There are 6 protein chains.
Amino acid sequence: MILIIFLLTLLTHSTSNASVVDFCVADLTSPQTPSGYPCKSSVTIDDFVFTNFKPGNTSNPFKSSLTPAFVHQFPAINGLGLSAARLDLGVGGVVPMHSHRGASELMIMVQGFITAGFISSDNSVFVKTLTKGDILVIPQGLLHFQFNAGKNKATAFLTLSSSNPGAQLVDFALFGNSLNSAFVEKTTFLDHAQVKKLKAVFGGSG
Amino acid sequence: MILIIFLLTLLTHSTSNASVVDFCVADLTSPQTPSGYPCKSSVTIDDFVFTNFKPGNTSNPFKSSLTPAFVHQFPAINGLGLSAARLDLGVGGVVPMHSHRGASELMIMVQGFITAGFISSDNSVFVKTLTKGDILVIPQGLLHFQFNAGKNKATAFLTLSSSNPGAQLVDFALFGNSLNSAFVEKTTFLDHAQVKKLKAVFGGSG
Amino acid sequence: MILIIFLLTLLTHSTSNASVVDFCVADLTSPQTPSGYPCKSSVTIDDFVFTNFKPGNTSNPFKSSLTPAFVHQFPAINGLGLSAARLDLGVGGVVPMHSHRGASELMIMVQGFITAGFISSDNSVFVKTLTKGDILVIPQGLLHFQFNAGKNKATAFLTLSSSNPGAQLVDFALFGNSLNSAFVEKTTFLDHAQVKKLKAVFGGSG
Amino acid sequence: MILIIFLLTLLTHSTSNASVVDFCVADLTSPQTPSGYPCKSSVTIDDFVFTNFKPGNTSNPFKSSLTPAFVHQFPAINGLGLSAARLDLGVGGVVPMHSHRGASELMIMVQGFITAGFISSDNSVFVKTLTKGDILVIPQGLLHFQFNAGKNKATAFLTLSSSNPGAQLVDFALFGNSLNSAFVEKTTFLDHAQVKKLKAVFGGSG
Amino acid sequence: MILIIFLLTLLTHSTSNASVVDFCVADLTSPQTPSGYPCKSSVTIDDFVFTNFKPGNTSNPFKSSLTPAFVHQFPAINGLGLSAARLDLGVGGVVPMHSHRGASELMIMVQGFITAGFISSDNSVFVKTLTKGDILVIPQGLLHFQFNAGKNKATAFLTLSSSNPGAQLVDFALFGNSLNSAFVEKTTFLDHAQVKKLKAVFGGSG
Amino acid sequence: MILIIFLLTLLTHSTSNASVVDFCVADLTSPQTPSGYPCKSSVTIDDFVFTNFKPGNTSNPFKSSLTPAFVHQFPAINGLGLSAARLDLGVGGVVPMHSHRGASELMIMVQGFITAGFISSDNSVFVKTLTKGDILVIPQGLLHFQFNAGKNKATAFLTLSSSNPGAQLVDFALFGNSLNSAFVEKTTFLDHAQVKKLKAVFGGSG
């Protein structure tokens, strides 16, 4: 019995608040810092479990769905350099060309067939059709895409090397905001009609 | 046509060998450095795909199996700060108490029921039984365990925040090597008979 | 005089090879590692001076020129987390939409007028016309562009937070390589004719 | 005299609050972030001196004492990646098997004889008896232990590569909290009686 | 049109507050952390443009002027690991011997002739006279200096690998504060008269 | 017995070469990289023990001695972000004004009295006389000094937050090499006679 008391003494200074060092569950109500959110002062096991990693609705034009477990959905990963997302692709489903500014990605196949690819800075093309048992790694910040290559729905689990990886879709960046059409044309060499057509599709102005 | 030539000129200096910057597929035959292995000079799409993320054999005493996609199995993740492993637990299967010195872990449930837990530095206990749709995060370096909590086999995909996360099993460290039994007893307060019994089970000497 | 001897004694162990710690001029003939190139064993002041930061030729379709001082041109910056480039824009000159996977950028205006912009992950547009005395910061990995907004040539000095920042031009990635046109169309929603037209312009196949 | 004014002008913008950049003495009353505590706004030399690096009381069951100078005792080391602790071992004293999740450790011998060891991830055993003039390095996150190997008291100074290194004692984690005994047995292969006995010693429940 | 709604759905969780991840414009009114200032919640393009990168007044004893664009002048660079400064040297102008504790530096020549040098830890001297078209790299933390080597004014743009690089001038540290003169003499071997003379020049006491 | 075989199977892939991940004992015969030396392939406990942390000879003009355990003396600390040095000061002994470009420092008092101080970037002075039981922290890259403040010899153990911290002594940098005396005078405002005198003392030329 005496050992308890001793250990408490031995550890008392070094471990008061020690759990705040082991992890830093995000207090999403406080302003972020360059290293992430400030830590919540009190946590339970439920902070460490994300319970919504489930198929999303693919009844949309892209026939695809992304269910993120990033820091805003899963505050316990704050500062730990990891996140996850579930990708569901209906038949014909697609994830448009995009990049993650701050994270590499592992795509772990769960079911179906997905053709995925990325382009490196020296403009080499890396593309392959993947199935259950395969993992593809996509290095940080490179443009990449995925589409369903099979006759049934397809699912993959994505994991990323940041708790807040961001995502920039090329179409969304070019056509889904107020960026001046003339600027888009000048810096992409797309035709005027093409830009206007996609601005309409993606709801952009300018 | 002329744009091709221009772009090659524009990019020529900055992109020669640029792909070596986007990624660094490990040359496992060269000595490691503190930041990982030196890079292979020539790569193809097959370097970026791991094709063996499949169930392992759980016909063993632990009734469990771990299929790693760490840097030694999947050299393309070298330097990218990410890895994965597939965990299969037969009925009654267990992953003994262990820690990863250099990585936090996400456990993404795929099928079945797994009870998992970790202990923090201030000695708080975090335990929960998880099922499909759940993700548990285990902060870096803390002791944790998993066991099958259901009546059927269970599977989870693990991802870790290091390309070479290591793993230290407590039993293996205490009983599976030449560490002097007297030292084990002195530093763990286990009884002599207990240490000797487990040394025999885990094949340790000393 | 005796102090010399003493100091040599005092410092002898700690400073043998110390200059290798202060800096690590790249040996470009050795394979890279995730942290950069191995270090050259012998250096002089000339290793630390880049002498070609001069206007490039803007007589090309983009009417622009980029003179990089990245690690391949300036090996002394290896491992120091910094690089530079000189941007010259003729009248009507443009730097097409692109991103740097691993670096933030400062654009320091030297002469003329440049309209520059970037799009953030939440799809906000940040655009402004800049002139001498202005610096624009472009956060890491985001799509951005520059074009000459004046009636005379324009120049800016760029500095980036990596010794090997890479650059991915959207047009080059979509149209300047062997990426299957059908994949481009499917993942960008561009029309078939548009893709084929730009594939021809940028020299892509597929 | 005029130089004073000039220098103040020269430095005025860049150094207002500059000391906040040189260091970041922890404001322990504010919530932590993943990079450490926010900085105190006003500091003196006394913030940078820890005055209690003295022998602790070894009249306890372990006959050992640890005096930490971690960020909670010594706020000036916040963000600097360093901390220290003083270890005193009475005759027969022991530091039980433990690990530091986020730090490597140097053990600098001061007096007496200490047997120390660590076990690596590939289960190799590294053990040696050390005396004055010796330093042992224990790589991050590995299980290690120390015990007095002499006939007199022993002392070592420990330094760690984190300002808040944490410490997880195996016995404390297994037996000193509410972790279900059945879970302990299942994941460590210890006998039921052994677990119950040590739960009693270390004050655990469950 | 429907694509707009879909994309908003697709991205909604992952991008709420995403711009806070792309960048972290400093809220200079909040306390700093080891990783920088907390982020402002609302930003515009004007936050990302520094408009005062202009020649300073060189009518001072050093005939030099430094115009910093560090985090306190340019809050948008917070956390991005980059800053800039404009250096103007009148005829005979000098930047005294100094170091930056936390940053390497690129000196990009704009006009005139500047002799610049640094000394490495193994006490090698690296000095050269530079002109337009040259860049000098000064590795982190080393003592260095610059002076006008020509007959006209000279200008260079400096960029540094930290958003808050600090600067420590040797003269200012030794002679421009309350550091006891006897301590200066003892630790620099300068003569008493020399120390007293420069204490007077730089406004130091003690 | 069967558990041995199982565990070997369980761990076999993940732990082949795992010890290379736990640590990276420097192979000093290979070229360094920005992250440190390549790793030795085979190690023993003796690699992890430095046996020469003993008093140096203080019979020299500075009456001081520094015994470093940096990466060149203690290759096992390569990549671990820690090193140590023993400081012995005879009566009147001094460590001249210096800085460490890449490391913060803890000075742990062992015996005697040492006056130590550092100057921050905003030119504040932090000085105190320390004795046994005290630790002083000196933030990275700042000028600092130590001298014996007592009537007997004094000893401190230094630990630094880098395995290869470097050290730049102001006197050595200004007077102990070939740096042109005119440059020294111009950039330090020291008198010509003073510079020449110290160049002679420290063995410099130029």
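Cβ atoms are placed via backbone N, Cα and C, with glycine included.
Of the listed candidates (D:H72, D:H144), TrEMBL assigns D:H144 to the same Mn(2+) site as D:H98, D:H100, D:E105. Every protein chain shown contributes to the tally, and the Cβ of D:E105 (Mn(2+) binding site) ends up with 26 other Cβ atoms within 10 Å.
Across the structure, D:C39 (disulfide bond) and D:H98 (Mn(2+) binding site) place their CA atoms 31 angstrom apart. When the alpha carbons of D:H144 (Mn(2+) binding site) and D:C24 (disulfide bond) are compared, the span between them is 31 angstrom. Sequence-distant contacts of D:H100 (Mn(2+) binding site), defined as residues of its own chain at least six apart whose C-beta falls under 8 angstroms from its C-beta, comprise D:Q140, D:G141, D:L160, D:S162, D:P165, D:G166, D:A167, D:Q168. Mean pLDDT, taken over the domain 'Cupin type-1' (D:51-196), works out to 97 on the 0 to 100 scale. With the fewest other C-beta atoms within 10 Å around its C-beta, D:H98 stands out among the binding-site residues D:H98, D:H144.
All protein chains considered, the CB of D:C24 (disulfide bond) has 28 other CB atoms within 10 Å. According to DSSP, D:C39 (disulfide bond) is assigned to a strand segment.
Excluding the listed site residues D:H98, D:H100, D:E105, D:H144, the same chain places D:S99, D:A103, D:F118, D:I138, D:L142, D:L143, D:A167 with Cβ atoms within 8 Å of the centre of the Mn(2+) site Cβ atoms. Secondary structure of the domain 'Cupin type-1' (D:51-196) per DSSP, as helix, strand and coil residue counts: 22 helix, 58 strand, 66 coil.
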